[in-house]
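Taking it in order: structure first as structure tokens, then the write-up.
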């Protein structure tokens, strides 16, 4: 028996290096595959939205596209609100890698949010119908049905990201894309594609994809008596700052459009919008990394505390800023050809606007990383203050710059506001996570 124990110990000693090498290879494979899967997933989501808008515009015309675009913007905002006050708090605040009780509470929060928005939209639809605005009433009524279904899909996707189950998230989004685009193709082929039927296709795809995920994930959800209220209060205390920061970010992005339109005119606003759409080609990358980083920084805090969060955050900030820097470098050569290809030769004069506006993604990359880091160390209020500072800087700079320099001034305004937000996020994060000074 002693001999067998000795042989087992010897085998374990010899196997230890191979086990370490296997673990290292596994970590390396995940470090490479997770960002790739996140980018693929965001590409599927963004691509599905893009193809849907193109299909509605080509099949139903500008007016129907305008209706669908407004409705889609409402769905996106609902998803942002749910992420802020439901799924992001769960990702950051849950205890351990798995917390079925909190997951069950998050599902109840999702149901409450979806039901509340549906009720509000039905009331708005009834008011519009009473005022004689039948078209608006129909869209609002459709949104009352589609919004909770879209939120179910968003919930499935974000909860998958929360646990770094990226293949599950990709499967959910590919399922949605297949069903939604298949339905759109059928509607287009039969001449029935409108804004309302496109919304119906969106809701149906989201319902099926979300329901399949829910059926498969039911074992990881537990409804604990008396816990839902406590978890809601915890989520709201954390998530209200995230939601406020998101609203400031939306206002910061939209303010230059409105100020430019009022100060200069619609032609300059059109040039600015064309330049912005080209610059936003890098947005799926930033969104994908941001979604992944929220879960990674939360996991780092649970395993290694603020020091681990600092390491993940700073590394991601450097890598993402480097990639967006390469994107800007490419714009130096491709801005004018891209504008001509997408919008026509009359828009090529907006190339200098692109070069100024293309500096903003550098700041967005830093903001994405450091906002996730601040959330992971439970300081989301600092993220809100940073976004508010960026909004104030944008508004203050926008008026003189747009009056004197038009679309180029608006682009500079976006870059300035983004840089202020990035700095206001980076400084407190680096200060709060700095290693303690050595004792003399």
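Count begins at 1; order follows the chain as displayed.
Keep in mind that glycine also has a Cβ here, set from the backbone N, Cα and C atoms.
Those TrEMBL annotations? Automatic predictions, nothing curated.
As written in TrEMBL, here are the features:
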TRANSMEM  65-86  transmembrane segment
TRANSMEM  107-129  transmembrane segment
TRANSMEM  135-156  transmembrane segment
TRANSMEM  195-215  transmembrane segment
TRANSMEM  274-295  transmembrane segment
TRANSMEM  307-329  transmembrane segment
TRANSMEM  349-370  transmembrane segment
TRANSMEM  382-404  transmembrane segment
TRANSMEM  410-430  transmembrane segment
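For the transmembrane segment (107-129), the partner stretch with the highest count of Cβ pairs under 8 angstroms, out of 65-86, 195-215, 274-295, is 65-86. At the 8 Å Cβ cutoff, the transmembrane segment (65-86) and the transmembrane segment (195-215) share at least 3 close pairs (sequence separation 6 or more) and count as touching.
Of the candidate ranges 135-156, 349-370, 410-430, 410-430 contributes the most Cβ pairs within a distance under 8 Å of the transmembrane segment (382-404).
For the transmembrane segment (410-430), the partner stretch with the most Cβ pairs below 8 Å, chosen from 135-156, 195-215, 274-295, 349-370, is 349-370. Contact between the transmembrane segment (274-295) and the transmembrane segment (195-215) is not supported, since fewer than 3 Cβ pairs fall under 8 Å when only residues 6 or more apart in sequence are counted.
Counting same-chain residues at least six beyond the ends of the transmembrane segment (349-370), those with a Cβ under 8 angstroms from any Cβ of the stretch are 271-272, 274-276, 278-279, 282-283, 286, 289-290, 293, 313-314, 316-317, 320-321, 323-325, 327-328, 331-332, 335-336, 338-339, 386, 407-408, 410-412, 414-415, 418-419, 421-422, 425-426, 429.
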